[in-house]
Amino acid sequence: MAAEGASDPAGLSEGSGRDGAVDGCRTVYLFDRRGKDSELGDRALQVSEHADYAGFRASVCQTIGISSEEKFVITTTSRKEITCNNFDHTVKDGVTLYLLQSVDQSLLTATKERIDFLPHYDTLVKSGMYEYYASEGQNPLPFALAELIDNSLSATSRNNGVRRIQIKLLFDETQGKPAVAVVDNGRGMTSKQLNNWAVYRLSKFTRQGDFESDHSGYVRPLPVPRSLNSDISYFGVGGKQAVFFVGQSARMISKPIDSKDVHELVLSKEDFEKKEKNKEAIYSGYIRNRKPADSAHITNDDERFLHNLIEEEKEKDSFTAVVITGVQPEHIQYLKNYLHLWTRQLTHIYHYYIHGPKGNEISTAKAIGPFNNIDIEISLFEKGKTPKIINLREIQDDMQTLYINTASDSFEFKAHVEGDGVVEGVIRYHPFLYDRETFPDDPCFPSKLKDEDDDDDCFISEKAARGKRPIFECFWNGRLIPYTSVGDFDWCAPPKKRGLVPIECFNRISGALFTNDKFQVSTNKLTFMDLELKLKDKNTLFTRILNGQEQRMKIDREFALWLKDCHEKHDKQIKFTLFKGIITRPDLPTKKQGPWATFSAIEWDGKIYKAGQLVKTIKTLPLCYGSIVRFFLHGDHDGEVYATGGEVQIAMEPQALYDEIKTVPIAKLDRTVAEKTIRKYVEDEMARLPDRLSVTWPEGDELLPNEVRPAGTPIGALRIEILNKKGEAMQKLPGTSHGGSKKLLVELKVILHTSSGNKEIISHISQHGGKWPYWFKKMENIQKLGNYTLKLQVVLNESNADTYAGRSLPSKVIKFSVKEGKPEKFSFGLLDSPFRVGVPFNIPLELQDEFGHTTQLLSDIEPVLEASGLSLHYEGITKGPNCVIQGVVAKGPVNSCQGKNFNLKVILPGLKEDSQILKIRLLPGPPHQLKVKPDSEVLVIENGTAFPFQVEVVDESDNITAQPKLIVHCKFLGAPNLPVYTVDCSSSGTSILTGSPIQVQNIKKDQKTLTARIEIPSCKDVSPVEKTIKLLPSSHAACLQIFSVEEQKAIQIKHQDEVTWVAGDVIRNLIFQMYDEGEREINITPSLAEKIKVNWTPEVNKEHLVQGLLPDVQVPTSVKDVRYCHVSFQDDHVCLESAFTVRPLPDDPKHLKCELKGGKTVQMGQELQGEIVVIIADQYGNQISSFSPDSLSTLSITGDGLDSSNLKITLEANSQSVSVQGIRFTPGPPGPKDLCFTWREFSDFLRVQLVSGPPTKLLLMDWPELKESIPVINGRQLENPLIVQLCDQWDNPALVPNVKICLIKASSLRLLPSNQQHKTDDKGRANLGVFTVCAPRGEHTVQVKGVYNKSTIEGPTIKLTILPDPEKPIRLNVKYDQDASFIAGDIFTDFMVSVISESGSVIKNINPTRISMKMWKLSSGMSRPPANAETFSCNKIKGNDKEDGCFYFREKTIPNKVGAYCIQFDFMIDKTNILSSQQVIVDVLPNQPMKLVPDSQPATPAVSNVRSIASRTLVKDLRLSITDNYGNHTGMDLVGTVVATIKGFNEEDTDTPLFIGKVRTLEFPFVKGSAEITTLVLAENSPGRDSTEYFIIFEPRLSTVSGTLESYSLPFMFYNDVKKQQQMAALTKEKDELSKSITMYRSLFDANKQLVDEMKCQAEEAKLKETQLRNELKAYNIDIPATQQTTHIEALLEKKITEQNELKKRPRRLCTLPNYTKRSGDILGKIAHLAQIEDDRAAMVISWHLASDMDCVVTLTTDAARAIYDETQGRQQVLPLDSIYRKTLPDWKRPLPHFRNGKLHFKPFGNPVFARDLLTFPDNIEHCETVFGMLLGDTIILDNLDAANHYRKEVVKITHCPTLLTRDGDRIRSNGKFGGLQNKAPPMDKLRGMVFGAPVPKQCVVLGKQIDLIQQYRTALYRLSSVNEDLDNQLQYLHTPDMKKKKQELDEQEKSLKRIEQKLGMTPVRRCNESLCHSPKIEVTECPIPTKRMRRESTRQNRRPKGDVPN
């Protein structure tokens, strides 16, 4: 075969060959196939490079030898005609062309086409990426076949119908050697495409340029579910590799659609080897082009099967067949023997291509569609056997089918990876059902575990379900990649700690991942390259798919909740019944405490266990016998439920022995034990119980009751026995034979009774030792005084309980007392300190026994006192309770006033501890003597000096002593006015006694004798000391004199003299002299010169002072300044001074000076008020009289803008000054003005202030341009306050206060607050405030006017453009399908309602409960909905609802009755205002024709077969119409007939009456929806049985109706007797009347019953609502009394509202930055208004930190931001949210950086917290989190800078530290920089209101919730009262006499009807009213509440015509 494919077939190329292109020419090969006699071979034609189509055609004609006039076409092998347009593009070197009569001509004989299939360079590039290999015990052969199926799937992807792929295993030896054929009905391949297929590694992406096929380049398919795009033939490798993996040779046969030719290519290993041997081109060959079903070239017997295969080509439009021969023997055996296995594997690989995106859901029938139209069929042909044919669609045990059909629920998700990478995923849950796992087993992964004896709960072993298999199988473009699986993701992996569900639930999930082609797979499609790595990348985004829509949510939380729901709903093992409630179990760990559902019974393994039932446990230590208390099941359950586990609470039995409750797993109940066995065990255990104690004292020291004992007396050892009632000793409680019983212990307690309570001082527990009894050792430690109790108590071993099962265990009590012993030691009591030398003191003693108890001294004892260095003696010692050593006196030296420490030893002979050391501090005694130094009696001093005396105060032991008020005085005698010296020796006892100098006046040369007396006035007992003083004259300075030396003559300047001198001159030659007390001149020494001071100069030349010279004096420049000159001398003895005054005189004229008398301001246009005074002054400004009247003419005045016309200049004679008046300026800018005054050579300048003139106009401050209209939203405030400024006529601000300002506006424009008069302030401004504007849409004007001095000042006109409010609803927009028809009883089309604002935009975020739909039947004059109009609520929003802010009314039932109905939609704006839509009028049309009915029910005829026509008349004037199921007339367009037939009650009865004319049927025409039955008469002497009921069946026969219409049946009575017929006719008439009356009665009673049921439902619902709200109020500690509820609620509500209003009125921090107008919903507002902060310090620092962003306006869209930008000319900052990169935004739940992996890395101080966590958002929380997350990032706030620095220093050790702020206002930037003004927040007042506001108090929010609840409760209470009142009224109405009478009448009429029917002989069938017969069945539950829709439909169907029921 291989040789044939490569050789020259049938001589087709005889005489031809390929020489290739020569010298730029192209070689073309031509086949002439115009007729049968054409040449078989091809012709080679050389085509010039520059040839055109005409020349080429001429060359063809010449080469073939045909006329150029002959008609023919030249085509490619793909039948593409060569024309002048495509010649250059198509005719290339080596191309094969056909000569045909027409393009679609059949190929009469086969041709060959030369091809090259040199492998693509990717062969080397990707050579290492491909090989088939076995994995995990799997044979790779199915995967090789899958490669061929991939190609077929791609080929059939464009099929509109069935995509058929056949794999034929041709193993019948009679037909040739084994072969495998893969055939599909795809689009086939052209010869060029077949050539491309042969090129190795030519993938679909590289088929460009030279490899370009007939089709365009690769186009990626559109996304489809599960990526089932059939785009899986990818790399140009798999098909060829698969072929040569299966066999040695491949034959490719293909026919493209719309092609006349079949293309065939053979590749074989043998042919390749032959070409290599012959040195031929290996990668070249021929494609055979032939007509379909032509197998003439198949001559090899080994390939006989090809004839049949080729024969099948006739029936195919397009196909491709891959025939593999030379199949490996091992492959043949595998394909034969393991057919089911590898077909199952193929089904697994292509599961979703075969069954569609949902997979093989066996329970769901599927129609052929785009996702399940693939048939893959496997055929096995063997010799002598019937062919086996398997369709993969029929295989039901592939793993995906098992996964899908054993799963109870699924969790769908989607992952987005690296842009376009999309992975769809599904997780399925396989529940545990009753006794086994339902997770399917995979033969490749056996996971069944051996049964193990589980000692725990009913949980199965952890890996029992899925085992070790990974969760996810992976599909690429919908096709399984078998060797790649993903174990799990972080969010679906079993948690390390127990979560919401048991851990085994994670092993009950399977899953599948479906990727698109953005993920790389190996070229053999066995493995993914990096799927798991990409999916587990941190940037991969997982979303959940709900209802086909992606939803962004936390995938881990959603999965955990889904898994919990699956576990609770689908896992079933134990049935829990008799639900009791939900509890928490505080005895368990916190995470497991609740919720727990409690039940009273379970059903398990066919048995029922109930509360109270006796049970026994197994596998517990010990075994438990007891009664069931209840069952626990973890979770929030309600009602009966199945679960896999649970616990049972058991009360141990007998309870007298085991007063204990145990909880064990349900699995540990013994299901085999009999109940009588448990009861016998309980009875046996009740016998043995302890009764009393036996106490003995084996070692003596017995304790007697009520004994009094000295402290320390021992209590002897105790021996105790526990005796039962039989007197038997026992050591333990009786226990079961199956477990350890509880030991008994004896507890001994000694209790001391004190005033503060009982105190347990001894507590011992003794246990029985087996060989020795209960024993307590001797007790010798009872030493405290008081009353005692010794108690012996039997207790339990573990719990130490003294009761068991409610009974006290035996005990024994002995009471006794303890008193003090004899004295053994002593201590000192509280001493009265201080201790002083020679002063007696007492020493109190406290005597104690050996245990420290206080006792008394009874015997005579002489104390001994000893102390080193002291002499001691005492008076005596007292006995009795208070022992004191009295009158102790100590004497001796103590060295200092602070005293000295001594150890005083006290000895009491005769005591056990007879001595104690008392540490005392002995202080000096009281003053006794005064010592004065110097010791000399006569002392000599100089006058004016002080004398110091050294004084000491000593006690009797010569110790210097001190005491309070110890003051020593020294008085001098012998002269007047002598000082007195005092010194305080209170602290030290010694000091220097001195004082003021002794100064005696007029002591010149003689000395003076004085006496000094020194004494202590406070101590009269201390003798005074006297000294004699001799006083000499002083040698210190006593006099200072000043002289002025002029011309060698010194003139004395006396003290306080005045000296006149020329202003500004200097006084020189001043000298001074000093004299002492003896009038002796003192020589000035440098030391004395240092002490001389002058006041007119700070620096004095010391050398001049030594010479007696004083500094020069500078005379003041102003004659008004008088200078005071002072000279002083001061030393330690004296202070001398001498002073004089210098008065200046004026100098010569020098300057001209001007002075303004009056105000400096000049009002524009007015003269200067006041005058200007001009004077002449000297150089220092002193005025000089120089002016004269003649000299005034030379005075000139100039200035900028000065108006000199009114100047007045006058001379003031008295002051010698010039007065200037009449200063005025020309109008100009206000400001300072300079005036220049000039006289002779002198000039001066004067500045005045030019101010604005009188007010004449008004201007607006800080207001936009008035040329443009200002936009403002209706009902909103203006952006800026209205501030008015008064101005003069030249537009200068006029500072005039109290000018009245008012606004002039149109009446249609309303300003709030209302128009009030305002007055200007001191600056001429008036702030009218910020107005709220309400006006119609459009432009309005407002004018400002003022009143000044009774004249009007016109102000500017403000133009306002009123914009609609985007948040104010004005109308409802209703959308629905207006072309829809409304059929009675059907479902309305969907209504989509949106609330439209004034601006025309849709208002979003509206509570759906505020939207309602009302419907009522339209009647004349009714425009408003009636009270009984039906009301509907809107439906929940679905996932695919695109429009936000829209409300949907879906599936609302159309009324049953036809007519015009009105639909109106209402929006509740608030409690009083409702906005209604335009009414929608709908015409309800009748439904489908269903039955034939009469217009009015005729009476039951009674006829006979007599001659009289009246007696034979059945019907007279009967009109029959077609109606639908609801009684609406329909079928007006129907045409046909109504056939009347008489039938008997028995179908077999043939003796039925006949119509007139002896016919059985009559036909009546049916037109325009009805048939008129004018007269229907029986035939005379008609057959029929007497007194028999017959029926006339009126059957409609209408040609245009599909289906059968219900016929109308009219009963009638037939009689043979005329008289009887007349009687029966009367009875029939009466029967009809009774039937009608009964029907109306029943309708009445049924309607009343339904009304009562509905009222009961409403009452119960109202009661439940009231109870629910009452409980919610209790949570807020609000109790509602049982009586006077309404009064209490109203008072409580008023109180809460008052409290809330008071809280809201409290002042709190506000942001005063003006917000931006929210003219649309896309504007959120300025950042400063979006958040609030409670803490003032945090608000200050965060506001400062964001200061540059606070006035930025945040918008949702860039368009809205751009609009604001344009409106404000770019002045306003804007921030659109749709431009924020959200991946870098912080996670608001992220912990602070000092937490690492959930652990505290270091302990911070300063209360760190993320700044963003301090923000609260009143609105738009999600958007605000985005904004502030971007602005603040991870900024942290702490208390102070120290805390912040410490925090940063620690954080940077582990991670990056964000910006830190402190509550003190400091900032540390993220780079660590802090300090400076730019990092320090200013005070709050400096932020100018640009600060975040404070939220309302939390209590205000709580009050708001309480008020809302109270209002709801008030409404619910009113509702409950109203409903109960209506129900009571209705029940009373049902028991009224009138209703009882009607009930009685109904009973009587039914009895009468029954009698009449019996008389008539009619079948007693109750024919109820038609509407009642078809009323829906309503399920009866515990609460008789039908569903809302059922009630509505039932109410409609039971409507009856108005009118009274006949009485």
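Every residue, even glycine, has its Cβ placed from backbone N, Cα and C.
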Which of the listed residues, K1368, K1803, has Swiss-Prot annotated as N6-succinyllysine? K1803
Measuring CA to CA, name the entry from the recorded positions S833, K1375, T1500, K1803 that ends up nearest K1350 (N6-acetyllysine). K1375
All-chain count of other Cβ atoms within 10 Å of K1350 (N6-acetyllysine): 5
What is the nearest of the recorded positions K1375, T1500, K1803 to S833 (phosphoserine), using the Cα of each? K1803
Could you state the CA-to-CA distance between K1803 (N6-succinyllysine) and K1375 (SUMO2 cross-link) to the nearest Å? 62
For the region 'ATPase activity domain' (111-702), provide the mean pLDDT of the predicted model. 84
Whole-Å Cα distance, K1375 (SUMO2 cross-link) to T1500 (phosphothreonine), is 52
For S833 (phosphoserine), list the number of other Cβ atoms lying within 10 Å of its Cβ atom. 10
So if I measure Cβ to Cβ from T1500 (phosphothreonine) and keep only same-chain residues at least 6 apart in sequence, which ones fall under 8 Å? L1610, P1611, F1612, M1613, T1628, K1629, K1631, D1632
In the structure shown, which of the recorded positions K1375, K1803 has the fewest other Cβ atoms within 10 Å? K1803
Three-state secondary structure, which DSSP defines for K1803 (N6-succinyllysine): coil
When DSSP states are grouped into helix, strand and coil, how many residues of the domain 'SMC hinge' (1721-1848) land in each? 57 helix, 23 strand, 48 coil
